[in-house]
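Student: Mind looking over this structure? Questions follow.
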Amino acid sequence: MLKKLSAALAAGLLASVLAACGGGGEDTASGGEAGSGKIVLGFSQVGSESGWRAANTKSVKDSAATAGIDLKFSDAQQKQENQIASIRSYIQQKVDVIAFSPVVVTGWDAVLKEAQAAKIPVILTDRAVDSDASLYATFIGSDFVKEGEEVGKWALEEFKSATGPVNIVQLEGTVGSAPAIDRKKGFEATIASNPNLKVIASQSGDFTRAKGKEVMQALLQANPKIDLLFAHNDDMGLGAIEAIKAAGLKPGTDIKIATIDAVKDGMTALAANEINFIAECSPLLGEQLMELTKKAAAGEPLEKRIVTKETTFTPQQAAEVLSTRQY
Amino acid sequence: MTAITKHRLFWPAAILAVMLLANLIFTPTFFRIELKNGHLYGSLIDILLYGAPLILIALGMTMVIATGGIDLSVGATVAISGALACSIIADQPDQEAVGGVLTAVALALGLSLVLGLWNGLLVARVGIQPIIATLILMVAGRGVAQLITDGQIITINSAPYELIGGDYLFGFPFAVLIAVVVFTGTAVLTRRTALGLLLEAVGGNAEASRLVGIRARRLLVLAYVFSAFCAGIAGLMISSNIRAADGNNAGLWIELDAILAVVIGGTSLMGGRFSLAGTVLGALIIQTLSTTIYTTGVPPQVTLVFKAVVVTAVCLIQSPAFRAKAFRRRRPSAPAPAEAEVPA
């Protein structure tokens with residue numbers, strides 16, 4: 001008797017759960033487009049490792065509000081598994097478009113295929129992946145190789161009259177991340193044309209100020225003569241400036257410094273001649289992203305690669321634009 | 001000779017010495033300490049300066065582990081403490097004012113104590129397992145830090161605050177002085193009074209110690225509060241060192257380094273005994289390892305593997321069972337009963 005009753009109960013429960021699932025699925029599917037009339041964008045950010053990233057996040061959030069797009073935002077805190085989990089949750093929530101800045105380059109095939117099977121277009125922002133291009137709608141972001149090349153060109157120009165060897169140390173970004181790989185590639189390929197320019201040490205500073213300082217301090221101990229520091233972002237450069245000062249040297253004079261990003265703190269140091277050159281990597285891609293989101297949600301075809309507009313800065317240029325800098 | 005090798009600090013000390021000497025091969029000037037701009041400068045000073053926050057956190061962790069617990073939340077406490085201090089200083093009209101800086105430091109440390117109390121109450125009063133109780137704050141704490149900083153990196157310009165983790169007093173790094181004071185204070189409190197013994201008793205058997213009249217719960221809470229206090233100071237140091245509060249990265253994974261430092265130093269994770277000097281050696285070994293990686297130019301891609309290999313080697317060398325085996329293989333005729341009789 002009891003057994004039968006519980007079996008019946010279980011069957012009833014199961015049926016109601018199944019019904020709920022089916023019903024819920026239909027609801028959100030129609031609710032996403034027709035219900036509220038708002039496009040839903042699921043965005044997974046890398047983390048907030050730097051001032052640049054904070055500006056990027058703010059740009060995405062502000063632009064979404066202006067464009068009337070319902071933004072679901074999550075922070076992966078530098079971990080790929082977090083990011084994959086949040087993308088999966090967006091797929092389950094049946095958002096209209098998914099956008100994310102991949103933490104690392106590899107390992108995205110499975111989750112991208114899941115999104116494709118659910119017919120949700122995926123937009124990559126700021127960083128690329130090594131998956132097949134058919135798996136995502138478009139990739140909007142900076143050309144990291146070009147940024148590295150810009151710094152390389154500046155270094156060639158700066159040290160063109162050098163007769164002896166020019167010792168370069170490089171502070172790389174997070175190991176395995178697209179900007180770290182590409183900036184290194186672009187920079188090292190460009191300076192190869194002058195055999196005097198040599199990278200004597202290259203270590204990862206994880207894109208953070210604290211690591212930048214700690215690593216630079218150690219590199220200064222190990223290498224008595226450093227002519228140029230190339231940091232893959234402003235924050236590591238700013239940390240390194242502290243280390244150089246602690247070593248009794250003058251940043252920007254005794255050791256030339258070139259970085260990438262052009263965030264406000266970096267530009268302030270550039271204007272003060274503590275940094276000598278910055279190649280911009282603009283985080284303000286929110287507006288472009290929202291346009292692409294609308295197009296993708298409407299099913300329009302998108303160009304596979306969209307490059308954000310960027311420039312380079314010398315100390316004089318930095319001093320001029322510093323007051324109008326948004327981030 | 002055997003009396004020295006059997007001292008429980010012998011192996012950590014020997015490992016540290018070998019690591020430092022290995023650096024000498026790659027960097028001939030490794031042991032040179034000079035005066036630059038009126039302060040001490042050199043690789044050894046760097047190791048002490050950057051090791052100071054880890055030493056502090058590991059000291060707190062030692063107390064918690066001595067009671068048979070573990071504190072995973074110290075990294076989050078580091079982030080919260082630095083974030084609160086920097087955001088208070090940034091809001092002040094005059095960032096250089098000593099009074100304002102002291103207020104910020106006091107509030108940050110006060111909040112750390114509250115966080116420690118939270119952990120302690122969860123463990124001692126509610127009876128949640130330490131690893132779970134502190135995991136709550138480990139995960140949530142970073143969110144709190146982000147909330148305080150609004151997700152931004154808060155940069156400040158305050159000479160008095162910079163003293164804590166980045167500047168020098170009479171040419172000596174102030175952060176190292178703080179670490180020395182906390183170490184000495186802890187050593188005196190635990191080894192010159194019965195406190196250390198009581199903590200070990202609680203770690204050995206909490207119920208038995210309660211039955212003989214030790215207030216086990218109160219001691220447990222105390223251990224977690226002390227751990228959070230140490231983490232709070234470390235948080236001030238780390239943010240002061242770069243003159244900025246970074247809610248997302250400050251103290252990230254430092255809890256694991258701290259646990260490793262405690263274990264390398266010879267404190268058992270089972271609780272019931274601890275070694276403060278061993279913990280300091282353990283923390284210095286870890287910091288020396290990081291510095292070694294930077295100065296010898298280990299490629300960033302293999303850094304983690306390199307660390308793993310060294311840490312594995314360090315743990316194996318410290319294991320009496322492993323040493324006995326390796327010893328026997330080299331000299332098959334030598335009897336090794338004395339080695340086997342030494343308790344771990």
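For all residues, glycine too, the Cβ spot is worked out from N, Cα and C.
In case it helps, TrEMBL gives these features for our protein:
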TRANSMEM  B:9-27  transmembrane segment
TRANSMEM  B:47-65  transmembrane segment
TRANSMEM  B:72-90  transmembrane segment
TRANSMEM  B:102-124  transmembrane segment
TRANSMEM  B:131-148  transmembrane segment
TRANSMEM  B:168-189  transmembrane segment
TRANSMEM  B:219-238  transmembrane segment
TRANSMEM  B:250-269  transmembrane segment
TRANSMEM  B:276-296  transmembrane segment
TRANSMEM  B:302-322  transmembrane segment
Student: Could you pull out which residues elsewhere in the chain have a CB under 8 Å from any CB of the transmembrane segment (B:9-27), counting only those six or more residues past its ends?
Tutor: 43-44, 264-266, 275, 277-278, 281-282, 284-285, 288-289, 291-292, 295-296, 314, 317-318
Student: Taking pairs 6 or more apart in sequence, does the count of Cβ pairs under 8 Å between the transmembrane segment (B:168-189) and the transmembrane segment (B:47-65) hit 3 or more?
Tutor: yes
Student: If we call contact 3 or more Cβ pairs under 8 Å (sequence gap 6 or more), are the transmembrane segment (B:250-269) and the transmembrane segment (B:47-65) touching?
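Tutor: Taking Cβ pairs at least 6 residues apart, the transmembrane segment (B:47-65) and the transmembrane segment (B:250-269) are in contact, with 3 or more under 8 Å.
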Student: Counting only pairs 6 or more apart in sequence, are there at least 3 Cβ pairs under 8 Å between the transmembrane segment (B:102-124) and the transmembrane segment (B:219-238)?
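Tutor: Stretch pair touches.
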Student: Taking a Cβ cut-off under 8 Å, which residues six or more beyond the ends of the transmembrane segment (B:47-65) line up next to it in the same chain?
Tutor: 71, 74, 78, 130, 165, 173, 175-176, 178-179, 182-183, 186, 190, 199, 203, 223-224, 226-231, 233-235, 237-238, 241, 251, 254-255, 257-259, 261-262, 265, 267-269, 271, 274-276, 279-280, 282-284, 286-288, 290-291
